[in-house]
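Novice: As annotated in Swiss-Prot:
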LIPID     Cys79  N-palmitoyl cysteine
BINDING   Glu143, Glu144, Asp149, Thr179, Glu180  Ca(2+) 1 binding site
BINDING   Glu144, Glu180, Asp183, Asp185  Ca(2+) 2 binding site
LIPID     Gly251  cholesterol glycine ester
SITE      Asp297  site 'Involved in cholesterol transfer'
Amino acid sequence: MDNTSSVPWASAASVTCLSLDAKCHSSSAKSAASSISASPETQAMRHIAHTQRCLSRLTSLVALLLIVLPMTFSPAHSCGPGRGLGRHRARNLYPLVLKQTIPNLSEYTNSASGPLEGVIRRDSPKFKDLVPNYNRDILFRDEEGTGADRLMSKRCREKLNLLAYSVMNEWPGIRLLVTESWDEDYHHGQESLHYEGRAVTIATSDRDQSKYGMLARLAVEAGFDWVSYVSRRHIYCSVKSDSSISSHVHGCFTPESTALLENGVRKPLGELSIGDRVLSMTANGQAVYSEVILFMDRNLEQMQNFVQLHTDGEAVLTVTPAHLVSVWQAESQKLTFVFADRVEEKNQVLVRDVETGELRPQRVVKVGSVRSKGVVAPLTREGTIVVNSVAASCYAVINSQSLAHWGLAPMRLLSTLEAWLPAKEQLHSSPKVVTTAEQQNGIHWYANALYKVKDYVLPQSWRHD
């Protein structure tokens, strides 16, 4: 049976393609007829304009198909673990037990909520960074009567709102209760994230303690960075600081880190341009040169926390914690990708061999951290890049290199289509040269859009939360 016969949009797409093709051929015929008496310059200009019109129509069609195509799949047709497209799969959630914390680490480690950054008072410059939460699905006890319990960091508000939605789904008629958020009265220990608006103490509106284990699990699923079922009376949750969010959300390198160009020259990432061909890595660990097609993030002024991986061959990779790094599994002889802040000493990463130019495993001998200025996240067509001789992914946040690479497929397709278009310089007498200073500053719109939807389509176990 023909697949297009059972999928209405496929037939429509076929008709559209034929229509576009007919229009292009029709316009080509008209152009050919009128170009008999036209000068060579006029004919060239008409040809360029005609090509651009056809490719513009093709680009619109491809964009439409990219939007409609995923909607035609059901969960039964999706591959791999996790949630499929369409309705979410039902997953078994297990409640936390009393005294359990997730992750099972100190709250102030980088893999949890991160270090303290200082108490925020009403007269502190950072007080303006706290935001009120007026979600009607959340009850705030507000014992002080000052509205302080509604104030929190942006990340804390985001996760709390997600949790409130989960609570209503889990227990219809029950709402999330916040008993403490930002604290200005020093009711907690000397080292508490309540003073920074990064922690909340929560319960359910019916105060049913039998629900608290599952409430803690829902908080983990909502993306809180540290959850503790420390007391029978409430659940404690905290998040990373907003200032470290971009390092956590978008994987980046330092601008001073270098990439190897195809001509053999090493170039700082802060000076890379779209179109540069840099050393990358194939899916099976082979060295290959790949084109830079965009920057997912680029900000040369932003201060950021980085993880530093030192190898026994004296290579040093400086990268944000949520970035994926290639790790060689010697026992299984397989290449995997691991979040940078979860790489451990004695793990092996792939490093370029100076003599052969091939990528070889080197042992990590030290894992450190550093705070530095500037972030750069180039995306190559291959989805990988060798930085400071160490092979790394171009992706972050999601612990699947293949899924992340699939998610950026529209950008690779768009880059290919743009390459087919006649150069704009053909329409102008003097081409414009784009300097480094004129390049993108900030997060790419498509990467930012993917980040915003990830919490709604991916399980927490797939995310660096």
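Backbone N, Cα and C atoms are what each Cβ position is placed from, and that goes for glycine too.
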Novice: I need the CA-to-CA distance for Glu143 (Ca(2+) 1 binding site) versus Asp297 (site 'Involved in cholesterol transfer'), whole Å please.
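Specialist: Glu143 (Ca(2+) 1 binding site) to Asp297 (site 'Involved in cholesterol transfer'), Cα-Cα distance: 42 Å.
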Novice: Of Asp185, Gly251, Asp297, which recorded positions are close to Glu144 (Ca(2+) 1 binding site), meaning a Cα within 10 Å of its Cα?
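Specialist: Cα within 10 Å of Glu144 (Ca(2+) 1 binding site): Asp185.
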Novice: Hey, what's the Cβ neighbour count for Thr179 (Ca(2+) 1 binding site) at 10 Å?
Specialist: 17
Novice: Could you tally the C-beta atoms, other than its own, that fall within 10 angstroms of the C-beta of Asp149 (Ca(2+) 1 binding site)?
Specialist: 23
Novice: Within 10 Å of Asp183 (Ca(2+) 2 binding site) (Cα to Cα), which of the recorded positions Asp149, Gly251, Asp297 do you find?
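Specialist: Among Asp149, Gly251, Asp297, the ones whose Cα sits within 10 Å of that of Asp183 (Ca(2+) 2 binding site) are Asp149.
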Novice: Within 10 Å of the Cβ of Gly251 (cholesterol glycine ester), how many other Cβ atoms can you find? Include all protein chains, please.
Specialist: 29
Novice: Using the structure shown, find which entry in Glu144, Glu180, Asp183, Asp297 (the recorded positions) has the sparsest Cβ neighbourhood within 10 Å.
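Specialist: The recorded positions Glu144, Glu180, Asp183, Asp297 were compared, and Glu144 has the fewest Cβ atoms within 10 Å.
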Novice: Could you state the whole-number distance in Å separating the C-alpha atoms of Glu180 (Ca(2+) 1 binding site) and Gly251 (cholesterol glycine ester)?
Specialist: 32
Novice: Taking just the CA atoms, what is the gap between Asp297 (site 'Involved in cholesterol transfer') and Asp185 (Ca(2+) 2 binding site) in Å?
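Specialist: That comes out at 39 Å between the alpha carbons.
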Novice: Validating a neighbour-count step here. Other CB atoms within 10 A of the CB of Asp185 (Ca(2+) 2 binding site): how many?
Specialist: 11
